[in-house]
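The structure under discussion appears below in the form of structure tokens.
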Amino acid sequence: MSTDFILAVDQGTTSSRAIIFDKKGNIRKIAQKEFTQIYPKSGWVEHDAMEIWGTQSGVMREALEFGRVKPDQIAAIGITNQRETVVVWDKETGDPVYNAIVWQCRRTSSICDEIKRDPQFVKYIKENTGLVVDAYFSGTKVKWILDNVEGAREKANAGKLLMGTIDTWLIWNLTRGKVHATDYSNASRTMLFNINSLEWDKKILDYLNIPESMLPEVKNSSEVFGVTDSHTLGGAEIPIAGVAGDQHAALFGHCCFEKGMAKNTYGTGCFALMNVGDKPVYSDEGLLTTIAWAENGKPTYALEGSVFIAGAVIQWIRDGLGLVRSAEDSEYYATKIDSTNGVYLVPAFVGLGTPYWDMYARGTIVGITRDTKREHIIRAALEAIAYQAKDVLECMKEDTGLDLAGLRVDGGAVQNNFLMQFQSDILQSEISKPKINEITGLGAVFLAGLAVGFWKDKQELKSILTTEKVFEPQKDSQAVAHDYRGWKKAVERSKAWAECYS
């Protein structure tokens, strides 16, 4: 039987998904299942690792069944996953010793504070992992499990425990324990991996007291990791051939293969990544340096910036203020007026991310007069999403010296044509919206397909990624500069608010 399809395993923070793609990039079937979010204490977030595996294997079988695709028609599997979330499990039984600690979890802040008392070590971590010291990343989460779960430290020292990010956990289960591996992109998000020497960093491992025997083998993002166990998917041994963290997979799915190409994902927040080529670029502007993907032992690096509140500000004007009935209504109201009339909304509801990194900033609306109507507030909320993206992309230009070679976009908010046009105006750059919505899954199958010869090269991938709409700047640069100065002034008003008035 011919292998006509590739299966994307898309394991996210709130749901497990499986997507079957054909050779033209068309989607044959999507299956999705949400799973439990566990909050043991304030600021703590966990997932049941067995539930993750159960839901993920379930949706894979469901996609095959309802897509009417036989397992032996699948040429390869590509995995993309929520990053930084980590699992520690028993090497013999395969049972987790504790729940997966999720990327959002802040329980290891005190460990990070302790590390920060040593500025030289903080500098070492940034220069060698590309990351800042933060509870966000996997390393301190592993230390917490070893220090706090009874018997874990002893078992780890005896070589009886394994650890891995979610991709590693899925690969282990798909192969029934035959393969313990990760890819370069996921490894680069652990705060344990040296992105210069491309190996686990012994100095950091020793500092956190994590035995190297726990760590997975690091492989290329496009490479055959192993095959599914014959009992996993209807008897077929399917190559697992592509692996990348979700944001990295999206960059690859957008075909951002050249230096200076960037993508922005508009979800609850925003994640912007720029391809910076075959050498790491370290940021003076609060960006993270990461490995985008690796092929044939050669990494491609990226700069990453994150915005905490993007689409969530539209949810707020809908649910919190009642200014719109649906997110779609925001475009209608924003286009009823020509401008915000000097109103700016800074959605710093949980502080500000890149490049400000102010956890005490709070949401602010400035420029209100008696003439201000709800349309002005709604438009200001949408414009804030674009301004924040510009903040991040300006930092990338500053750090790299590269001009933005257009911006590829994905996520729910890209359906808002007003927002996309304003984004193009404020960046003075072309914005490309693809026809395919499932860009993250597409990136995973692109990586897998290249590894098994399903697609011959990146040129063929580019022909699959078709553009639905291109937005060109319609506003002159002087007007843009004037509006952006106003945004910067509004941001200054929002800073340190909770510090002063809490």
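The backbone N, Cα and C atoms fix where each Cβ goes, glycine too.
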Site co-member for ATP according to Swiss-Prot, given T13, T14, S15, T268, G311, Q315, out of G164, G177, G412:
G412
In Swiss-Prot, the residues R83, E84, D246, Q247 are said to bind glycerol. Which of Y39, Y136, Y301 is said to bind at that same site?
Y136
Of the binding-site residues listed here (S15, R17, T268, G412, N416), which is spatially closest to Y136 (sn-glycerol 3-phosphate binding site) when Cα positions are compared?
T268
Check the Cα distances from D246 (sn-glycerol 3-phosphate binding site) to each of the binding-site residues R17, T268, G311 and keep only the ones within 10 Å.
none
Of the binding-site residues T13, R17, R83, E84, which one has its Cα closest to the Cα of G311 (ATP binding site)?
T13
Under 8 Å by Cβ from R83 (sn-glycerol 3-phosphate binding site), same chain, sequence gap 6 or more:
W103, T165, N186, R189, G245, D246, Q247
Show which residues of the chain containing S15 (ATP binding site), separated from it by at least 6 in sequence, have their CB under 8 Å from its CB.
Q32, K33, E34, F35, T55
DSSP three-state assignment (helix, strand or coil) for S15 (ATP binding site):
strand
Find, for the listed binding-site residues G311, G412, the residue with the lowest Cβ contact count at a 10 Å cut-off, counting only other Cβ atoms.
G412
